[in-house]
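A short write-up of the structure that comes next.
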Amino acid sequence: MNDIELKNKGNKFFAARKYDDAAKCYSEAIAKKPGVSIYYTNRALCHLKSRRYDRVVQDCRAALEIDPMQVKAHFFLGQALLESQCYDESIRHFQRAQDLAKEQKVNYGDDIASLIRVARKRRFAIAEEARVAQEIELQTYLNRLIIEDRDRQIEAAKNHTSKNLMSPSSSKVATSHKPLSHNKPLVPPPHPLYTPPDCDKENHQPGKPGSNPVTPDEISSGHEEVDHKKSSESLVNGTSDSHNEDVHKMSSSGEGHPFNAGEKSQDFEGQQYRSPEEISKKAEDYLMELNHMFAKLDERRRKREVPDYLCGKISFDILREPVVTPSGITYDRKDIEEHLQRVGHFDPITRTALTVDMLVPNLAIKEVVDVFLEENEWAHDY
């Protein structure tokens with residue numbers, strides 16, 4: 001039997017759904033005449049029916065090496081790659097098959113178009129699952145960071161508190177902030193009037209014999225001069241009795257004390273520490289706000305897809321300028337006009353006669369598409 005007879009025999013087996021027997025006949029035909037691409041595509045179709053997708057890929061690639069313009073080779077290869085989850089390459093071969101079909105004016109109806117929609121939806125679903133997983137992972141990671149930071153701050157605050165309680169230097173610092181006492185009289189500084197002019201200042205000791213006596217007039221004038229000097233210094237330095245009273249009140253009440261029990265404590269380096277309760281409350285607020293933000297993404301986490309009635313029957317994209325034919329089928333104007341010019345004046349699905357002047361804008365679908373795109377901005381990249 002020659003290669004043509006083997007091919008016809010294989011076609012009979014294929015019609016009887018005996019795919020393995022048909023594949024053997026095609027293999028024998030290839031052995032007799034390996035330069036015919038249709039033998040490879042016939043055998044690839046047998047493997048496709050038997051779900052042996054790796055062999056489908058091999059036979060289709062062999063057919064394309066012989067004839068790169070083989071529509072069936074691209075079509076079958078796209079189906080095998082689709083089932084192998086190679087969506088990008090699958091879509092490329094489907095689109096190439098569609099372009100070749102238009103150039104060769106071969107009508108496959110909606111067969112190629114429907115598979116392109118399936119491939120794009122599956123690819124979009126995989127991307128959606130990866131996006132959702134990334135968002136969940138990010139939320140978990142941020143929650144863990146907030147909790148770890150809370151525990152670290154609480155531990156630092158506890159260590160700081162215990163260190164201040166156990167450190168002996170704290171008592172020393174505390175004694176340095178004693179309240180100002182007003183019970184003791186202020187001792188005026190030495191005045192030159194108290195010291196005789198001819199007396200040695202270093203060895204002079206009041207009350208000892210040999211020191212020059214001071215007259216009452218000199219003492220009185222000396223007190224007046226001292227009082228005058230003190231009042232002048234008070235005016236220059238801005239001090240007053242009321243100021244001293246304020247200082248006394250602050251000291252006695254503990255205000256301004258570095259270890260005063262307030263909302264925050266401060267160490268010698270100026271670092272502020274919150275109480276454990278305040279730290280925990282702040283962390284809870286952060287966690288609540290973070291989880292609330294991610295909760296708003298729940299709507300986006302739902303698997304998103306564009307309804308079929310919003311997609312064109314030829315380009316499979318969202319309808320931008322939908323038009324309806326007398327058969328009641330809606331197409332994108334650009335795609336259907338290109339079909340009418342390159343393939344023929346007929347409806348690609350119903351195959352009824354169709355011309356450009358028979359196309360009518362589908363305003364209802366156009367309005368639905370606009371609303372859908374406004375509510376789902378992600379669909380622009382669908």
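From the backbone N, Cα and C atoms, a Cβ is placed for every residue, glycine too.
Here TrEMBL flags 162-174 as compositional bias 'Polar residues'.
Taken from TrEMBL, the feature compositional bias 'Pro residues' covers 186-195.
Look at TrEMBL and you will find 220-232 tagged as compositional bias 'Basic and acidic residues'.
Taken from TrEMBL, the feature domain 'U-box' applies to 305-379.
Per TrEMBL, region 'Disordered' is recorded for 158-275.
DSSP states for the repeat 'TPR' (71-104), grouped as helix (H, G, I), strand (E, B) and coil, give 30 helix, 0 strand, 4 coil. According to TrEMBL, the feature repeat 'TPR' maps to 71-104.
In the predicted model, residues of the domain 'U-box' (305-379) average a pLDDT of 88.
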